[in-house]
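S.K.: Would you mind keeping the following structure in view while I ask a few things?
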Amino acid sequence: MVVDVSYISKEHSEGIEGERSGVTGILAVQGAFAEHAAMLDRLGAPWKLLRAADDFDASIDRVILPGGESTTQGKLLRSTGLFDPIAAHIAAGKPTFGTCAGMILLASALEQDDTVYFGALDATVRRNAYGRQLGSFMTTEDLDTYTPVDGLHSEDDPSGVIADMPMVFIRGPLVASVGDDARIMAVVDGDVVALQQGRILATAFHPEVTDDTRVHEYFLGL
Amino acid sequence: MDTTRNELNRNLAQMLKGGVIMDVTTPEQARIAQEAGACAVMALERIPADIRAAGGVSRMSDPAMIRGIQEAVSIPVMAKVRIGHIAEARILQAIDIDYIDESEVLSPADDVYHIDKREFDVPFVCGAKNLGEALRRIEEGASMIRTKGEPGTGDVIQAVRHMRTMNRQIRELEALRDDEVYEAAKQLAVPYELARFVHDNGRLPVVNFAAGGVATPADAALMMELGAEGVFVGSGIFKSGDPAKRAAAIVQATANWQDADLLARLSADLGEAMVGINEDEIETIMAARGE
């Protein structure tokens, strides 16, 4: 998907001035944040880019953590002061969606790395699990969805399915082990690549670079 | 390269957006760059300022040295090949490099032909001074474009010129009537389909970074202001007084280029910047290599 050039300078979607709630904040310190904004525009959902701590205002009640480099984003989360408001948002059980680097930021543990960022997703994630760029690939697989019991817990059994979802993995991570609180949404070749835990979604792949809006639509309904 | 592979390679460039790609010559420098927040590193034996000073033929780096850097960091590792050097590119693909830079900074191997990048699975980034060059490289299979700047000088003037030229030409093409695009494609010496894409979308079909002469947080912010989607920093970091601090400052400046208060803080007490040389004091204009 090609993203319109105007996203370089846009700070939020059209007409959100005066909105007091219902806005999705997209972490915009590095990576493919414009692609998520373009997705939300297609669904008619208001969004705002989070570049500095001030951007996280009372209108934000959902957060997207986009693809990019997790080490870069991790540094900038600290230096911008965005870490604390996003951590509080997640701890309050509000909807949060991480793709690729976003999954790494959400994980409670990383393989071969002591760094923990938000630590909210009950899983151990393996960075660059498919190797370097030559290991990047695209596939199609079903995605199970789970009804949240509260913000950080879901029912045990799937309540729905997003069938034949295109999945683009770019130097992607995978889930090495799943804790009790997380539910498996998708498995590719025996490896877990998407999790749901209450109102947290995390995918090792990038729905935002495809034309398929269904995962974003599901997220907006959580 | 099939279309899926080409798309995946363009996607990796999308993931680098808003970030800083830093030239490094050792695993230690690579770790400093990653620690400072670089979104990728460019592994090379000599940084452009030293290539310019040393003169002589400048070639692809030793694969053993590149492997050392690949093992030192988790972020993507890029490396340069000479323009038109098909065999150097095959070697880098064989060592599983994340991105190849077919670069005018090295001595060109071919003064007529660029590499047919569609024959490769690994992605390529290429330099361009203007829209015609950019679209020709994309037609050859490049999945990312950067300005050529004037590497190793610490002088941002050429990167500015290339970025302004490119974006002005994109706006001009966008403003044409549909039936005028055929002639524009002919004038630019590019395929009609690519000219049509730019006319319809107002942008290149791939990500466009700034490169060449970026030495300060303000330089990085300037290039973002002019429409760059991210920046390469070559000699500017490890030729300066305090590389770790300067690197981190440039990363933050690129992420928040509109915030002047922040830029003021980031620009303070950085130590000595690379001395640099002015564009009109140099003999070899590297940007002129490869049209």
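Positions of Cβ are set from backbone N, Cα and C atoms, glycine also.
Keep in mind that TrEMBL annotations are predicted by a computer and have not been checked by a curator.
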S.K.: What does TrEMBL list, out of B:Asp23, B:Asp50, as binding the same D-ribose 5-phosphate as B:Gly152, B:Gly213, B:Gly234, B:Ser235?
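M.R.: According to TrEMBL, the candidate sharing the D-ribose 5-phosphate site with B:Gly152, B:Gly213, B:Gly234, B:Ser235 is B:Asp23.
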S.K.: An 8 Å radius from the center of the B:Asp23, B:Gly152, B:Gly213, B:Gly234, B:Ser235 Cβ atoms defines the neighbourhood of the D-ribose 5-phosphate site; name the other residues of that chain inside it, in order.
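M.R.: For the D-ribose 5-phosphate site the neighbour list reads B:Ile47, B:Pro48, B:Ala49, B:Pro151, B:Thr153, B:Gly154, B:Gly212, B:Val214, B:Val233, B:Gly236, B:Lys239, B:Met274.
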S.K.: Just name the winner among B:Lys80, B:Arg164 (the recorded positions) by count of other CB atoms within 10 A of its CB.
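M.R.: The largest 10 Å Cβ neighbour count belongs to B:Lys80.
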S.K.: Using C-alpha atoms only, work out the spacing between B:Gly234 (D-ribose 5-phosphate binding site) and B:Lys80 (active site, schiff-base intermediate with D-ribose 5-phosphate) and round it to an integer in Å.
M.R.: 12
S.K.: Can you tell me how far the Cα of B:Ser235 (D-ribose 5-phosphate binding site) sits from the Cα of B:Arg164 (D-glyceraldehyde 3-phosphate binding site), in Å?
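M.R.: About 22 Å separate the Cα atoms of these two residues.
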S.K.: Spatially, which candidate from the recorded positions B:Lys80, B:Gly152, B:Gly213 is nearest to B:Arg164 (D-glyceraldehyde 3-phosphate binding site), comparing Cα atoms?
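M.R.: Answer for the nearest of the recorded positions: B:Gly213.
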